[in-house]
Structure formats: C-alpha cells, structure tokens
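What TrEMBL records for this protein:
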type: ACT_SITE; residues: LYS28; note: active site, schiff-base intermediate with substrate
type: ACT_SITE; residues: LYS86; note: active site, proton acceptor
Amino acid sequence: MTGMLASVSRLDEALRILNFEVDIIDLKQPSQGALGALDTMTVARIVKAINGQCPISATVGDLPMIPEVIVSAVMDMAATGVDYIKIGFFPGGDWQGTLDALAPLAQAGLALIGVLFADNEPELHTVAAFKKAGFKGVMLDTMDKSSGSLPHVLPDDAIVEFVSKCNELNLLCGLAGSLRAVDIPNLLRRKPDYLGFRGALCRRHDRTSHLDDDAILAVKKAFLQG
C-alpha cells in the first residue's frame, strides 16, 4: 500500500500533521529551495517531540554534488536521530564521487534516500547506482515548483519505468513534486511506496504558507478513494 509523506518546516506543524496519521513526516524548509534543509537543532527537537510515533525523514539542503560537502551534511543530519536522510542529486558536480563517499555511511546503517529531479531529465538507469551504494530508496521530485506537478513534467511511461526499476532493485520508491489531490488516483495505480506532499497541504496550495486542515483532509480523502 502506498503511504503518505507530509513535509513540514516547524515543530508545531509536525505535531499537527501527526494527528492526521500520515506515514512519514518529512522535515525541510520550503523557502530555501526544492530540498531546503532545516537547521539540525530544530530537526533534533522535532525528533524528540515525535518520540517514535511516526517515521521522520529530513533533507540536507540544495547542495552541490561535492562529496565532502554532502558527507558532512549527511553526518550532521544523522546526529539528529531522523529515520531517513534525503539527498538531492542536482545537475552538475561529481555524482559518482558523491555516491562512493556515501556508500560507507549506508553500510554503517544510515538510511539514505536519493532524490532525482524530473525537470532535469533524469536518466532512470542511474537508479541502479543508488542500490550499489547501499541507499535505502530513491524519490522523483521537481526542482522548479512553478513548472507544474510531477505528472505534468514527466510522461507517465517514465514514472512507470522508475517505479518498476525501484521495485526490481528492492529500493523504496517515492514520488513527489507539487503533487495535488487530483494527481493521486493515477499515481496510486503506479504503486510507489510513498507519495510526497507539501504545497497541496497548505493554504492556497502555497508550499511556503501554513498547513491547512481542509487541504490535508482533501489529500487524505483522495488516498482513501484512490
């Protein structure tokens, strides 16, 4: 069954979304980019407050693909006690060097999630490289949140191929990127492990705004009806 990942940026939002029985609480700062990071002190406070009631993921920020930069950010975030650490693989830089540098951390038990960006025309065969490096899973997201939701950016057959490849490699599979309630039924049929949301849960569908109970309920309803 596909789970719901809800992105929040503050402690009060994390406690609020917990009441809606989401499957993963994702910590990030939307005002700082596609995968903007919260400071580690805030993340640690949220982890302590949630106290194991729901799995927690956190992003390390919109960082360049420089191995030592990524490794440092991942280690800092790991110290907060989050369950999953999301790492965006942005255009340019040293992807393979970054994967090689992260492999020992994955082997040591950190649950790493690689994030590919649909609007960067990702080569989906690279999913195998994440498996080889010991990653726990891979997500598809979008960098430009004004370009539309994931299904508008990436053809359906590419989404199907991505999910199939993740399943073949026994990797957790997530789909995100300005997803709306209307996108949910078709994406559920693709059977990813998670669908991720931020803007759809907020007032006026503005990802930098506050959570809105009615918007959250609309997404939950779409899951139930899907």
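Keep in mind that glycine also has a Cβ here, set from the backbone N, Cα and C atoms.
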**OP:** Measure the Cβ-based neighbour count of the residue listed as 'active site, proton acceptor', defined as the other Cβ atoms within 10 Å of its Cβ.
**Re:** 29
Original post:
Using DSSP and three states only, what is LYS28 (active site, schiff-base intermediate with substrate)?
Top reply: coil
**OP:** Could you find out if DSSP has the residue listed as 'active site, proton acceptor' as helix, strand or coil?
**Re:** strand
